[in-house]
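Notes follow the structure.
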Amino acid sequence: MEETLEKKPMASPPSSPPLAKKQKMSTTASDTEPEPENEPETETNPDPSSIPAERRRRYKRRKVAIFLGYCGYGYQGMQKNPGAKTIEGDLEEAFFHAGGVPEADRGAPRRYDWARAARTDKGVSAAAQVVSGRFYVDPPGFVDRLNGILPDQIRIYGFKRVTNAFNAKKFCDRRRYIYLLPVFALDPSAHPDREAVMASIGSGNELVKCLECSERGRKIPGLTGQDPVKLNGVASSVQCEAGDSDLKSMNADLIPEDAKQGDNGELGSVNDDTLKVGEESCIEKVELETAVNTEKSQFVYDDAVKQRFNAILKNYEGTHNFHNFTTRTKAEDPSARRYIISFNANSVVSLDGIDFVKCEVVGQSFMLHQIRKMIGLAVAIMRNCAPESLMEVALRKDVSINVPTAPEVGLFLDECLFSSYNKKWKSSHEEVSMKDYENEAEEFKMKFIYSHIASMEHKEGAVALWLHSLNRRNYPDFNYLETNSEPVGNEETKQECEKAELKEENLGQKESENMDVGEEEIKGEKLSGEESKETNLG
């Protein structure tokens with residue numbers, strides 16, 4: 001009993017004082033840094049000047065709309081795609097390294113409400129793209145931190161505070177794209193295909209084979225995705241458009257006769273002297289042909305050409321079924337119906353000695369390759385490769401035809417418009433527009449986008465090579481009206497289109513009203529407290 005009584009006090013030792021709670025810190029501070037033990041006055045009465053700014057206040061995420069521009073060269077489009085280099089992929093990493101996104105949300109854009117106003121295709125640029133999300137934009141200098149991380153061909157202009165329900169994709173009313181088309185693309189005699197050259201013989205207005213484009217085709221590796229032909233173990237980039245035998249024949253003319261075939265019918269070996277003679281003759285031919293083309297070409301984008309081109313582009317305006325102007329979308333799919341607000345080509349810009357027609361299209365939204373295919377068919381009609389009545393056939397729901405696709409290099413997103421949002425929230429929030437960044441965007445456009453378009457045409461002849469493929473051999477559907485006796489544009493078809501357009505307009509008005517009502521509900525239910533604070537801060 002005595003031993004038991006003596007051991008009792010040892011069983012319950014006096015309790016130690018509780019540990020002091022660790023001070024809460026912002027996401028930019030280090031969580032593993034130990035608290036100093038020899039500075040008790042820091043917790044009770046700290047000196048504000050001695051504490052870093054990150055520890056003095058806790059930063060909050062802000063819903064913002066970010067304005068940016070980029071040159072699409074070398075990227076596989078805007079949308080993030082695993083295993084591909086995309087604009088969104090670089091942006092996500094930049095937001096993380098700039099402190100806008102925490103480690104837990106890295107690579108998970110849905111967690112911070114990521115949205116883009118437009119989804120550009122591979123190689124397509126943007127002078128004024130808009131993205132939205134919840135980011136840590138404090139402390140000041142967020143834009144400079146982003147631009148310091150991103151490559152030069154991606155530039156952040158700035159950001160603006162928006163409502164918590166804002167979504168760059170859903171709230172964008174219209175998108176304006178511009179396609180810079182070389183003026184010579186509208187000249188039927190410029191860069192003709194082999195069939196056109198043969199057909200013009202003896203007509204009094206003979207066309208000349210374009211050796212300059214043939215030489216360009218030899219210098220561009222992988223133009224058709226085929227392996228280059230090897231001469232004496234050296235890769236020779238003799239490339240041409242897939243299925244375009246006229247460029248093949250032009251490339252064949254540039255190879256010396258004794259180098260074309262060996263004894264066994266294959267490409268034989270060629271010595272250096274033969275190659276040198278062949279190259280010199282090629283250079284002489286190209287220089288002579290260039291001089292001839294310069295002397296004969298008198299084509300200008302005058303009022304008559306402008307009027308005809310604008311009349312062709314005007315056929316796209318309104319609500320139509322554009323299933324022939326995209327890929328992987330069936331005619332019965334409701335998404336194939338799109339509304340084009342305007343389409344014109346009224347001005348010409350001169351870049352590095354080349355005149356370009358500025359084709360401007362404004363629409364609610366666009367599908368994959370839609371604008372490039374609309375330009376492709378319009379150019380084919382202007383060059384008399386296809387009849388103008390084919391335009392009406394291509395917009396029909398019950399007809400499927402193959403439409404040419406113009407090169408992507410001349411296309412860029414010019415602006416995203418948010419008219420409805422700005423009208424509704426003009427009293428409490430900043431206007432979501434490019435007005436504050438016009439000068440910066442124009443400078444970026446001239447330095448990166450315009451210069452890239454001009455250099456690609458000078459070095460590779462992107463549009464010039466494409467023009468050689470616009471013939472009825474590569475696009476048999478140019479003969480659709482000749483091979484099909486069915487009349488085009490009968491009254492029943494027109495009435496059906498008018499009814500569908502009216503129905504589409506009514507549905508669009510209802511969707512707009514529902515979106516406004518839904519936004520009001522979100523504001524009333526979720527943002528009643530936060531919205532008033534945002535109004536005061538904004």
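Glycine is no exception: its Cβ is also placed from the backbone N, Cα and C atoms.
Here TrEMBL flags Asp121 as active site, nucleophile. The annotation substrate binding site is assigned in TrEMBL to Tyr177. If you look up TrEMBL, you'll see 32-44 marked as compositional bias 'Acidic residues'. Feature annotation from TrEMBL assigns compositional bias 'Basic and acidic residues' to 491-513, 520-538. Residues annotated as domain 'Pseudouridine synthase I TruA alpha/beta' in TrEMBL: 313-418. TrEMBL lists 1-56, 483-538 with the feature region 'Disordered'.
In sequence order, Glu360, Val361, Val362, Phe366, Ile371, Leu411, Phe412, Leu413, Asp414 are the residues near the residue listed as 'substrate binding site', counting only same-chain partners six or more apart with C-beta under 8 A. Counting residues per DSSP class in helix, strand and coil order gives 29 helix, 36 strand, 41 coil for the domain 'Pseudouridine synthase I TruA alpha/beta' (313-418).
Around the residue listed as 'active site, nucleophile', the same-chain residues at least 6 positions away in sequence with a Cβ under 8 Å from its Cβ are Gly77, Leu368, His369, Arg372, Glu408, Leu411.
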